[in-house]
Amino acid sequence: MIDCGSLPDIVTFNAVLDALCKEGKMTRRGQMPNLVTYNSLINGLCHSGQWREATKLLNKMMGEAIPPNVVTLNIVIKYLCKCRRTNEALTVLELMTEGGLKLNVVTYNCLIYSMCHRAQSGEATRLFDEMVGRGILPDAITLRTLLDALCQVRMTEEACKVFEAKIKYGMELSTISCSMLVNEYCLLGRMDEAKKVFNFLVALGHVPDIDSCYNALVNGYVQDKRMGEALRLAKEMIQKGLRPDIETQKSLKGCRCRRHVASAE
């Protein structure tokens, strides 16, 4: 049917599913379904909106001689996450792991992405820790998704751990994530940590959104009353052809540093 260019509809999937459930009849005909058959059916059921039927079929597989594999699991979890049914997705995940099924990075990426977009960054972090604990290495998608989400909700400690993981695995650093992390440290008055992140990026020769990072650092030092550091960075900005933004200029002027900035220019 598919080879002829016709896509099966819900009625077709239901008919095939009904046939598969009649094991005795299929066995007599010597036509036993295999893993590929089940995966194709589950994929079709999910795409046609019948996720409950898909999970029933998944449970049926677990009770038979054809156990589901990680492909089966990812099909169901991806669809459930897409429909914002993350609780059901976590239940399926738990059932599969209890059954001894080995997960992969795709499984966790679906769940972490869904949790982040539902503003459940804490749960996303828990899944990340669980993932690493199982010996599954995160990829660029995992870390970028999680880092951006953590920075947005000001979970700075967790964001820093993810940032360090990206460095550890040699992954590309997101422009938004890096500047957000530096800015977040500055807002919290944790200037040493902010400068540490910034210096690390400079050492790598990779300073995304350098204007934003410099401005955040200068403002942070002013708020922390570390005027020497603020002035040094302001001069460094100008020497590199950058210019403090309006907010930074106001911070410096408010602390009676206008003449120092003027002399630096």
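Note that Cβ sites are derived from N, Cα and C of the backbone, with glycine treated the same way.
TrEMBL annotations:
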REPEAT    34-68  repeat 'PPR'
REPEAT    69-103  repeat 'PPR'
REPEAT    104-138  repeat 'PPR'
REPEAT    139-173  repeat 'PPR'
REPEAT    174-208  repeat 'PPR'
REPEAT    210-244  repeat 'PPR'
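Averaged over the repeat 'PPR' (104-138), the predicted model reaches a pLDDT of 90. Among residues of the same chain six or more beyond the repeat 'PPR' (104-138), those with a C-beta under 8 A of the stretch's C-beta atoms are 70, 73-74, 77-78, 81-82, 84, 86, 89-90, 93, 145-146, 148-150, 153, 155, 158, 162, 165, 169. Residue counts of the repeat 'PPR' (69-103) by helix, strand and coil are 26 helix, 0 strand, 9 coil (DSSP-based).
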